[in-house]
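Sequence annotations record features per position, and here TrEMBL assigns compositional bias 'Polar residues' to 62-77. Marked as compositional bias 'Low complexity' by TrEMBL: 79-94. Taken from TrEMBL, the feature domain 'SET' covers 193-324. Look at TrEMBL and you will find 43-111 tagged as region 'Disordered'.
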Amino acid sequence: MEPIKIKTTVLTADALAKAMAEMQSILSQLTPSEYKDALAIQSGDDSDRSAQNLFSDPGGNDSVSSDQNLTTTTTLACPSHPTTDGPTTTETKPGQNNYHILPHPVPVSKSEPRTVKIGTLNSIPIYHYFSHAEQFLASQEYATPFGKRFLLDEPDSLLPSDDPSDRVFHPPPHSEEWWPGPGNANRDFRFKRYFEIRKSGLGGLGAFATVDIEMGRVILLERPLLLTTHGRVEDDVLAMRQEGKGIYRSLDGGGEVGWVSRVKDRNCFDLGGGIGFFGIASRFNHACRGAANVNYKYDHHRQVMVMTARRDIEAGTELFIDYGAGSSACLYAMYGFVCRCGGGCRRLTRRDLEAMGAGLKELVKWGLASEKELAW
Ligand SMILES: C[S@@+](CC[C@H](N)C(=O)[O-])C[C@H]1O[C@@H](n2cnc3c(N)ncnc32)[C@H](O)[C@@H]1O
């Protein structure tokens, strides 16, 4: 097979970015079964791969990368395998980009089971590479009485989906029976295979490994309780069904007033283009500067939060994610708490907090002023 030449004058960064964006948008519209169709020729052993092999590179090297890419990977131009159709190079003039998107992904060859052709840009084929993570997710997705779920060994949001047809099969379970949280900590939820939610030394609850977990292991797949935007959150929470609202509210430690925004401030995940709330993922505390031992990534296509072990973790260890604020001052400014993770961040001082407008009550709360001062 002749190597394929790509004219760099044609594939400007802009053209490439535009093509990628368009292809990603097409891919995001594929249903899971279309994904599965595209993978139909995959050789059987891949489907049995364990979670620690998810994040391999396109060359089949199963090392786990630190940024654990769960999204689709689109490759422009030809990898080193034959294609089944058409010319692969063309003379085109810059500025005259011609996209052609195939109605369905076409598997490239049996020897490259994870690569499909999804279209062309100026007659140059554009390929999509399915990572192990995608294959794993596709193979774990099942239609259940609770809607499309991930119900093998992996934990899942225990809520029924908002699809009205689900309720034909099952009345929604009562939240207190089904949900981990204060007052229900001893129930043996499925996620106890890897972790449990219990009291943390940081105050409130946290997630703790119940077994030794190896790096790369998927420890949580969870559908969101609610997907919304900053502007709509109040209306959307109030419009939730009773049990969903109960779980949302259980994320708050406070009183009758202001719980919608308190939960939002403490627990919302920025999913890019919107925010999401999760009953289990929201119980993970934060650690700074690489001290986090769990990675998280939202898979937009399947609408599922995926958490993976960032390193080998011993049973009993608290599981931490990095909330991504960058510093303890930003954490305070964004989420309103003083970080005590012990992961190398600078502990905020009274002066820091005063500079950020904290009142005496707030200083007392963080142990930076005494009750006696407050009495004055
Ligand atoms: C998303 S919740 C995490 C679960 C929470 N601990 C609970 O009981 O539900 C975020 C809240 O947990 C607490 N938290 C998380 N990480 C922390 C840290 N590193 N230091 C101190 N408090 C932390 C803060 O109160 C923060 O507002």
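Every residue gets a Cβ built from N, Cα and C, even glycine.
All annotation found in TrEMBL is predicted automatically rather than curated by experts.
Mean pLDDT for the domain 'SET' (193-324) in the predicted structure: 86. Residue counts for the domain 'SET' (193-324) under DSSP (helix as H, G, I; strand as E, B; rest coil) come to 28 helix, 43 strand, 61 coil.
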